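Heads up: the structure comes next, in structure tokens.
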Amino acid sequence: MGNTVAREDFEWVYTDQPHADRRKEILAKHPEIKALMKPDYNLIWVVVLMVLAQLTAFYLVKDLDWKWVIFWAYVFGSCISHSMTLAIHEISHNSAFGNSKAMWNRWFGIFANLPLGLPYSISFKRYHMDHHRYLGGDGIDVDIPTNFEGWFFCTRFRKFIWIVLQPFFYAIRPLCINPKPITRLEIINLLAQLSFDVVIYYLWGVKSIFYMLAGSVLGLGLHPISGHFIAEHYMFLKGHETYSYYGPLNLLTFNVGYHNEHHDFPNIPGKSLPLVKKIAAEYYDNLPQYNSWIKVLYDFVMDDTISPYSRMKRQLKGEVKQD
């Protein structure tokens, strides 16, 4: 259980990410894919229903025993919360209202953020766009763990703890790797979130607040859905940077598992990514893929050759434009 993993540094590569070239090639061969580059208006109603579901849950847990508050926070609240972060991911790509109404998407992201309890949406959008433009970029892509994470979380037990603490690392990593000045929209996101939290506390008390925050933390930590954090870009096979997952949890996660397809076509909503795979099957069927995020989590902990260091990293050249 205490075995130290073999890897001692990231996998440095000196080539561009593969997604831009593959996108160009696929579009030349399958131009009909361009028809999928449009908003998913159903996303709006799904998000509204998810917010209403959590508001109902806040009310229902307010008088429960603490053990049941914790139980429902993990069994139900965590699933809704994690699913909402992936709805916010969709909104960050302007999938709700389209690129022509970018600010509508920003305001809607702030609304979708409310049942999570902590401000997240606006900052996520800023850093996530960097992740797409500069995948693996040293000092830019905050999806890449810090050197401390790679160095310290190097045994099975420590990797397990790293998975449990993933929400903490995703929150603190941008401040360590690529801190950005706070924007007006981030302040609005913060104030809206604090106001919402105060109202929930005033109406229904501390158990509702605990359910909200615990659901968010538990859902992003040791949870089956959290397998996507590791499945997307950690190198279980040398030389392969992005992996797709085609299992049933895509139904709860806006098809984020179709991750090669998403990076190839970030302006296509998750709803349409299975169509991308179907149309361009010759490009995707033979790429490494997963069918279980739970197995990804298990293999990450138990495989002594895999660690937070198991990522491709690039030294970026030329001008870097960030949000």
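Note that Cβ sites are derived from N, Cα and C of the backbone, with glycine treated the same way.
In the domain 'Sphingolipid delta4-desaturase N-terminal' (5-43), helix, strand and coil residues by DSSP number 19 helix, 3 strand, 17 coil. Per TrEMBL, the feature domain 'Sphingolipid delta4-desaturase N-terminal' maps to 5-43.
The transmembrane segment annotation in TrEMBL covers 43-61 (among others).
Taken from TrEMBL, the feature transmembrane segment covers 68-87 (among others).
Under the heading transmembrane segment, TrEMBL lists 107-124 (among others). Counting same-chain residues at least six beyond the ends of the transmembrane segment (107-124), those with a Cβ under 8 angstroms from any Cβ of the stretch are 44, 47, 50-51, 54-55, 58, 80-81, 84-85, 87-89, 91-92, 96-97, 174, 183, 185-186, 188-190, 192-194, 196-197, 209, 212-213, 216.
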